[in-house]
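As written in TrEMBL, here are the features:
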type	residues	note
DOMAIN	306-615	domain 'Phosphatase 2A Regulatory Subunit A helical'
REPEAT	87-124	repeat 'HEAT'
REPEAT	315-347	repeat 'HEAT'
REPEAT	355-387	repeat 'HEAT'
REPEAT	414-452	repeat 'HEAT'
REPEAT	453-491	repeat 'HEAT'
REPEAT	492-530	repeat 'HEAT'
REPEAT	531-569	repeat 'HEAT'
REPEAT	609-647	repeat 'HEAT'
């Protein structure tokens, strides 16, 4: 049951206020212009404002939602004083309304900042935080999210004193309320506000956050875990190197919380955020190094590095622990974000020697989904500039672990895992590998690529799953750039031929789309000998989408390899298709030759393509003839007027007298279009 507010004006009272003076709405509009942002003036119809006020109190849900989305209209009509004294209390008393209405109100409140008024002495934007605080405690998550967004907008309009007393004060109340949804809202807002808090408030709100991390409700701990990483970064940003001093909040409080929330006794939904929190920690340490003061004894780069490395030794075990977590969802999250982990910790000493072996375990995880996610990150992990010890190096007591000359790049270590992944039972893992593995080639160099990467890539080209073969063909550019086309051609052709005849039409479509890329990679000679007939043959495919794609493909090839090549190699073959008994093939050949002509210069199109196209106007099947008419509409504007009058117009006249109405329609459409073009030129 929605609240009935006695102080809310009646319809008659509101109409009197809004519509005075009655002759015009100029006075009201002047008031609105004064309260609205100068960059976005709002002009309000008084009747509309009255209607929306009535809708706010309607029993019809859709009307209340609509009115809630137009609070700016209502506020502009009421003016700043009545907005603060009547509208906002009305909204505050209506927080038991339907969730859809509350969501609209929560979003609209953030837009009311210009409409609540301000004076040189006081900014009244903080009055909006009253209803927002109530909305931040409702059960529906989407309402709380919209309310949080609006609360942040309001807070950004406040000066530091108001920010700390009103916004930060509200956060403190939310974090200590009895109902768990309010505490959830507090978890998300503490990191946002931390940078503008005073030292005393920072200390108290860190304690609030610590209490939330230990909350009895798992839902609160889950949201606290989600926001812990952001808070770590904000603390480092706001407090600088002092945050990781022996008595700094990161060292004394936040890392303890991170270890607590990563513990095995926490629910999966809480542990799920461990990897992201560790990424934020690594980014925070990198930020502190950038803020180092060379003139300070305690805050120079060497001092910060020493302290951050000590903290990293506490963090890395948490990352590694996610790899062995009992929940596959936790391991999947770690696998999907591992490239970010490596990037965040790459500048921290010796961290890669712990992280890369952990990543290799993800590549061997029992769950296929985890292996797939880890494999998709293979190239990004390998691109990290750090070096690591080879497999087994640190386990050999006879080796000198400090010998940096024996380190290898991450790519050189991970390429040894590629062969194992090509034999994975899951086709999704192999397909993921085919997408990213060739990106290792520039990192490895020609010799290592040929010896270690090329053999598994050739195995993928012969994989039983068409998606795997397609992915490897699509990603051959980098491999080709490193080792050259000669080593690829012989192994590549069988895979392409298999895919070209694949039973799944989407696979054939994907091969067609990649033909220009293959032509560029493998050169004209190989393409002419092995793949050209395929491209023309697709014009006769059983699936119309394939035939259309094949016709468009001719344009791409003409653009890439040149008009001379197309005239010599493509045109004779397409012309032969025009003599095929099937009208479908002839139709697609007409479309293909039009596409080719649009990729050539005008003279070549006029001399080589236009005569063939005009000849097809006499075809016995109407479908072919009206495609000729459509083709003339595409190519016609590029010719001069003499060609239009002497060659195109007679054919269009012939088609305009055609017994088939579709042919007449397209011929008339093309004729009108070309007349307009050439009349403008005159």
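For all residues, glycine too, the Cβ spot is worked out from N, Cα and C.
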Secondary structure composition of the repeat 'HEAT' (355-387) [DSSP: H/G/I, E/B, coil]:
22 helix, 1 strand, 10 coil
Are there residues at least 6 beyond the ends of the repeat 'HEAT' (87-124) whose Cβ is under 8 Å from a Cβ of it, and what are they?
1-3, 5, 7-8, 35-37, 56, 61, 64-65, 68-72, 74-76, 78, 80-81, 130-132, 134-135, 138, 140, 142-144, 146-147, 149-151, 153-154, 157-159, 162
Quick check on the repeat 'HEAT' (315-347): DSSP residue counts for helix, strand, coil, in that order please.
26 helix, 0 strand, 7 coil
Averaged over the repeat 'HEAT' (355-387), what pLDDT does the predicted model reach?
91
Could you give the number of helix, strand and coil residues in the repeat 'HEAT' (609-647) as assigned by DSSP?
34 helix, 0 strand, 5 coil
